[in-house]
Amino acid sequence: MSNQQTHVRKPDWLKTRINTNKSYRNLKKLMRDNRLNTVCEEARCPNLHECWSERKTATFMILGDTCTRGCRFCAVKTGLPNELDWGEPERVADSVTVMGLKHVVVTAVARDDLNDGGAAVFAETVRAIRRKNPGCTIEILPSDMKGDYESLHTLMDSGPDIFNHNIETVRRLTKRVRARAMYDRSLELLRRVKEIAPNTPTKSSIMVGLGEEKDEIIQAMDDLLAHNVDIVTLGQYLQPTKKHLEVVRYYHPDEFEELKNIALEKGFSHCESGPLVRSSYHADEQVSNAAAQRRIKYMKGVEKQENSQLDFNF
């Protein structure tokens, strides 16, 4: 593809309006008052309204707001992070309670400055959520922690309901897209999760539109399946700023549907695939049956409680 063709106009199916009404502002205030970050906000996710209000799910970003890596697709700021905040786990758990979430995703910036990659705080966050919200299902989305499997054990000992780690792109493009990560290291991390916790669903995500070929996407699916990954999500890469990688191509919704069919035929237990799909999209549907039943019982109790003083209805 020539340089003149790289500046592709965004198609109509990607043009969405971000909801910034009173309820959104209240939620944002809750996050700031508790000194918390969400990927939903950082990435200006187009699905924020649906997840926070309708599906009662949210994705918290812990370990600060500064990443030690500088992946060329990601909008999160990079630099030297602050010291660990050991009060963060309880604040996240309290916010889950106030928001009445039924499913929560906990992700984090990469903390290569820490020996354990932040695994101890990550694990304590999961435990704090579980203590205060026993029926809420929990998905974790960590970095590769530089392949430190002791840190992986620390994470898995906290008992998450889903383990998510994204390969992000196909093998050929990994060095350009996420220079300090390794394709095979990510796959091995996912495989080892199944050794530690065979019944925990594993999940990964692929962005398209960075210059990959269809056969490379299919090969990435095969690689994930070979490492016992259960769930895959596929979404369109969108350039956060002009400093980030340009979009090479926008995939049509029909192409995403085709990729979903391929993924399911290959044996993934669940696949979300669409232009606006992100790693945590419809994450509440992807937990195991046992975890889902625990959540159903919990939510029945939540619905009987009085509404919070904050208005979270959109």
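Just so you know, glycine gets a Cβ as well, placed from its N, Cα and C.
Of all the Cβ atoms in the protein chains shown, 28 others lie within 10 Å of the Cβ of Ser280 ([4Fe-4S] cluster 1 binding site). Look at Ser280 ([4Fe-4S] cluster 1 binding site): DSSP puts it in coil. Swiss-Prot lists Cys40, Cys45, Cys51, Ser280 with the feature [4Fe-4S] cluster 1 binding site.
Mean pLDDT of the predicted structure over the domain 'Radical SAM core' (53-269): 90. What Swiss-Prot records for 53-269 is domain 'Radical SAM core', and it gives sequence analysis as the kind of evidence.
Taking Cβ-Cβ distances under 8 Å and a sequence gap of 6 or more within the same chain, the neighbours of Cys74 ([4Fe-4S] cluster 2 binding site) are Cys67, Pro240, His244. Per Swiss-Prot, the feature [4Fe-4S] cluster 2 binding site maps to Cys67, Cys71, Cys74.
With a 10 A radius on its CB, Cys67 ([4Fe-4S] cluster 2 binding site) counts 21 other CB atoms from all the protein chains.
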